[in-house]
Amino acid sequence: MFPMVTGFMNYGQQTIRAARYIGQSFMTTLSHVNRLPVTIQYPYEKLITSERFRGRIHFEFDKCIACEVCVRVCPIDLPVVDWELETNIRKKRLLNYSIDFGICIFCGNCVEYCPTNCLSMTEEYELSTYNRHELNYNQIALGRLPMSVIDDYTIRTILNSPQSLIKMGKPPLIKD
């Protein structure tokens, strides 16, 4: 054939192919028009976390036996466990437990392999600070309950229980 005719045929095929691609893209766009937006206005609306969300780690000091399994299974050897051996009872006594959330990758291995279940994952994800040293949580900060639990009226904390109020010399709160 003539070179000019084959050039027009190639141009025509490329034009048809380009129109088909544009049509497919337009159909994909139209299929998403009727969907609801998924954007969350963050400071004003909070994200509803899933059931298996891995947020900040909660630590219960009384349950920990200082076995250091959490340190061994952590990919970055992050939890710092300080303990001393009680020779008279032949057991370890936990002195200090801390996790630096600036380094933590929130893999959840420490929670999964803990034999006494003293570690658990919370739904708290707002850990931003201006100073990275504030992300180093000790056993007191790790044991603190999230604000969502503290503000829940169905949960009574130990601090507000009638027994603790009597021990502190305050009259117990009576709710009608």
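Placed from the backbone N, Cα and C atoms, the Cβ positions cover glycine too.
Lifted from Swiss-Prot, the feature list:
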{"type": "DOMAIN", "residues": "55-84", "note": "domain '4Fe-4S ferredoxin-type 1'"}
{"type": "BINDING", "residues": "C64, C67, C70, C114", "note": "[4Fe-4S] cluster 1 binding site"}
{"type": "BINDING", "residues": "C74, C104, C107, C110", "note": "[4Fe-4S] cluster 2 binding site"}
{"type": "DOMAIN", "residues": "95-124", "note": "domain '4Fe-4S ferredoxin-type 2'"}
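Structure coloured by features recorded in Swiss-Prot.
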| residue | record | CB count, 10 Å |
| --- | --- | --- |
| C64 | [4Fe-4S] cluster 1 binding site | 19 |
| C67 | [4Fe-4S] cluster 1 binding site | 17 |
| C70 | [4Fe-4S] cluster 1 binding site | 25 |
| C74 | [4Fe-4S] cluster 2 binding site | 17 |
| C104 | [4Fe-4S] cluster 2 binding site | 19 |
| C107 | [4Fe-4S] cluster 2 binding site | 14 |
| C110 | [4Fe-4S] cluster 2 binding site | 22 |
| C114 | [4Fe-4S] cluster 1 binding site | 19 |
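Helix, strand and coil content of the domain '4Fe-4S ferredoxin-type 1' (55-84), in residues and according to DSSP, is 5 helix, 8 strand, 17 coil. Closest in space to C70 ([4Fe-4S] cluster 1 binding site), of the binding-site residues given as C104, C107, C110, is C110, taking the CA atom of each residue.
For the domain '4Fe-4S ferredoxin-type 2' (95-124), the number of residues in each DSSP class (helix H, G, I; strand E, B; coil) is 5 helix, 9 strand, 16 coil. Regional average pLDDT for the domain '4Fe-4S ferredoxin-type 2' (95-124) in the model is 93. Rounded to the nearest whole angstrom, the C-alpha distance between C67 ([4Fe-4S] cluster 1 binding site) and C74 ([4Fe-4S] cluster 2 binding site) is 13. Summary of the [4Fe-4S] cluster 2 site environment: with the site residues C74, C104, C107, C110 set aside, the chain residues having Cβ atoms within 8 Å of the Cβ mean position are I57, C70, V73, P75, I76, L78, P79, I99, I105, F106, G108, N109. Within the set of binding-site residues C74, C104, C107, the entry lying nearest in space to C114 ([4Fe-4S] cluster 1 binding site) is C74 (CA atoms).
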